[in-house]
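A.B. asks: Take a look at what Swiss-Prot says about it:
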{"type": "DOMAIN", "residues": "214-374", "note": "domain 'Hflx-type G'"}
{"type": "BINDING", "residues": "220-227, 245-249, 267-270, 333-336, 352-354", "note": "GTP binding site"}
{"type": "BINDING", "residues": "227, 247", "note": "Mg(2+) binding site"}
């Protein structure tokens, strides 16, 4: 991210470049409580998110404190500073770096006289802007409705102008009346539609499993270069833009490996710090494609100054999805911007997806990981060990199975890794 210089005016950060801005962009002031170094990084991301949503960031106000004011998010003195700044700079909205309650939103709007958008609403707004598929649009709407339901009081003013500006994209007035029963009914209807789409996805997954076509899922922090890698490997035309969450709807393409074997390569939505819980829940069926993948390619922006922290964020999301134990190759991207490139190993591959550097080595690593030497092994699973049995069904190639009073007897073709993990269930 390009570093932007700011000047200090009574502890307010204002962009150097203050020429008259085009009025088609909303003028935004960012507000954040800083209690740790990580908060500084999330504030940098908030600026990127605001720009991605279409705002022009004209200033940033921060307050160093441990707790959040229950009424206004920031303290009384800072609120007065912010009010003066909003008036002087003719700001259109204030974007807050945390999730607010309905009461906090209402109190801030009453005090400042401008629209208030919190971090969660901003991310949901970007997702609404990016969604293209039927499923993607339904998932975003579901997340927005669940976010707005407990905030009807605070968002009352915003609901009257839905569809016009940041934080107001998505369901319009006809869909989103200020009526909890109506919203709950809409949530139920969307969830039923998504269940039907999930059944279709499961059928596709079972068909791929039956045809023994491995699935490789590309995961990573947002804007790490996942779609660029998909395009470079498959010749696809997935949407690529240097903005956060440029890809929302998952893309799946056929990939031919050096041996001629074919796999399915999927691109997924990027992860980010403070990813809204409602969004994760709404996109659970899409994100679960990661859980059922045979191999993960974790794309990492090697130029990012907080690379290690972003890796931890991705690993946390993978853990929440139940995919932390899925075989993984770390793909360190953007080496064209480095002066010295590490050599790497079988699990750490250094590439430039943009310049197509290192892709041959990556393809070899994918093939080596997916098609390891296998052997036929017999297992016996007691009926209470369904987790281990399902693991074998997902990861191995079942040749035959039998159910009797002892449990489930399975003969399967497995890798050494699977055999070692299930060694307690092996029978001679």
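Note: Cβ is positioned from N, Cα and C throughout, glycine not excepted.
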A.B. asks: So for residue 223 (GTP binding site), how many other CB atoms are inside 10 Å of its CB?
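C.D. replies: For residue 223 (GTP binding site), the count of other Cβ atoms within 10 Å is 22.
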A.B. asks: Note down the number of other Cβ atoms within 10 Å of the Cβ of residue 352 (GTP binding site), including every protein chain shown.
C.D. replies: 22
A.B. asks: List, in sequence order, the same-chain residues at least six positions removed whose CB sits under 8 Å from that of residue 220 (GTP binding site)?
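C.D. replies: The list for residue 220 (GTP binding site) reads 226, 270, 271, 298, 299, 300, 301, 314, 331, given in order along the sequence.
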A.B. asks: What's the CA to CA span in angstrom from residue 334 (GTP binding site) over to residue 227 (Mg(2+) binding site)?
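C.D. replies: One finds 13 Å between the Cα atoms of these residues.
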A.B. asks: Counting other Cβ atoms within 10 Å, pick out the least crowded of the binding-site residues 226, 334.
C.D. replies: 334
